[in-house]
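**Q** Have a look at the structure that comes next, please.
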C-alpha cells in the first residue's frame, strides 16, 4: 500500500496514481559518492547521480561493460563513457556473477582483471532529475531501504610496521578436498585480517595451486581487509593434482610486478599452504623464487604417515623450497581444525622484516665501482667500447636509493671520480652519466687508482649493508705496484674482478683479482671482445653475493 496518492489531470479526468518508488525510471536520481560500489545498490535497477571531480584513485574498477559489483559505479560509468569526469546521472542494472572480468583501458581509466565475483552490474546513461552533480562527494541514500548510508570512510593506511607484499598460495588440489579447502580459506582470512592490510601496510593477493595455477587476485586489487576477506570467500575450489612447484614458480615469475601492484623496496613473500605433499618437484621452484628475491614460507598441514612416504617424491621438500633452511620459514599445523592459535605466530613471522633474507638479491644489494683505464694507449673509440661494457653490467642491477649503487673512477697517472655511490639513485641517470664520461688520456698507475677508489669511493659506504665489488678494466701494464693496494682492498671486504684488454699482463690481472683467481680475472685481445665478458662478470657478482649470504 502506497503511503500517499498524487492527483494527476489526464484528458480532463482526475486520476490518483502512486508515486514512483525510489530508483525507478522517472524518479530523482540518488546522489552517491565517487567510491560507492555496485554492491551498495541492492536493487535490480536504480538511477543514481555521480558527483564531478572524482579523484582517479577512488575509481576501483574491475571488468569492461560488465563490471564486478565491488567496482565503483561512477568509475565504471566514466570507464564505459556513460558520463565524463564532470559527473552526471547513471542508470545501474544488477547482473549475476561471472568469471574472468577483463582489464581494459578506456577514457583514462585502467580497469583491473578479476578471476571471479559473485555479482555484477552494467551502466547506461541515466535520466536527469532535479539534482545536479557537484564537485563535492555527498552522503548517499540507500536505494533499498531509504536509510542514509554513512559517508565512505578514507582508505586505511594499515600496519606500517608490517610492510610486505604477500601472496597466499593455497592448496586447491583433490588432496585437500572441498571441506578442508574451505577451512584453509578461513585460516587465510584470519591471517589477512590480523596483518593489518592497508595502503601503507601489507598488501596481499591469492593464487590457487591445482593442476594449473590460477591467480585469483593481485596485490593491487584490494587494499582493505574487508574487501580481501570477501574476495577470499569467493574463491572456488578447482581440484586436480597439487602441482605446488609449478604454482610457486608461476607466482615468483608473474605475481610480483609493478603492473600487478608490487612495491619497490618492500619484501616479497609467498606463503605456500601444502596439505599432505606436492605432486611435483618443488626444489627447482624454490631456487627460482630465491633468484627473484621472493621469501618463501611453507605452511605444511597433515604430514604423510609412514605408509604414504613411498608416494612422496622428496620427503625433505619443505627444507628445499623455503627461503632459508633455518626453521624460520617453515610452519607446521597438525590439521585444519582449531587453527586459530596458529594465526598470530604466523603473522609475527610475516612481519619480521629483518629475517626476510631472500628479499636481498645480487641485483638489489650490491655496491659496484668501476675503475676505468683512461690512458693514452686506449684511444677514444676503444674508450667508448669500455664505457659500453660498463653500462651493460650496470643496467642489469636494480639501482635505487635502497637498492644497488654504482660508482665510476677513471684513472691515468691521476684519478678522477666520475660519480660516487650517492650521486645517482636511478638507473636512467647512472647510464646517462656513464655515456657522457670524457676520455682523459695519460699514463697508467693502476695501484694508486685502486687505493684512491678504496679510500674515496668505498670509504663513505663502509657501513652499508650492501656487498662491495670493484670491476677494473685496463689495457696495459701498470707503472706502479698493484699487489699491495689490491690486497688492502680485499682486506676491506671488497671483491675485485679484473678485466684486461690487449697488452694487459695476465700476472697483474691475477694479482688484482679476488680468489679464486680463474673466476675473477678475464682477458681479451680486442676491445670488441669485452661484450661476451659482461655475463661472466654479472654471474660472478651474483655467485659471490649468494656465497656471502650463506
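The backbone N, Cα and C atoms fix where each Cβ goes, glycine too.
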**Q** What range among 35-65, 66-96, 97-127, 128-158 does Swiss-Prot describe as region 'Disordered'?
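**A** Range annotated as region 'Disordered' by Swiss-Prot: 128-158.
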**Q** Suppose we draw a 10 Å sphere around the Cβ of residue 74 (disulfide bond). How many other Cβ atoms does it contain, all chains included?
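**A** There are 32 such Cβ atoms around residue 74 (disulfide bond).
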**Q** Using C-alpha atoms only, work out the spacing between residue 100 (N-linked glycosylation site) and residue 34 (disulfide bond) and round it to an integer in Å.
**A** 25
**Q** Run through the Cβ atoms and count how many others sit within 10 Å of the one on residue 100 (N-linked glycosylation site).
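**A** There are 9 of them.
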**Q** For residue 54 (disulfide bond) and residue 34 (disulfide bond), determine the Cα separation and express it in whole Å.
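**A** So the Cα of residue 34 (disulfide bond) lies 6 Å away from that of residue 54 (disulfide bond).
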**Q** Given the disulfide-bonded residues 34, 50, 54, and counting only Cβ atoms in the protein chains shown, which has the most within 10 Å of its Cβ?
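**A** Counting Cβ neighbours within 10 Å, the top one is 50.
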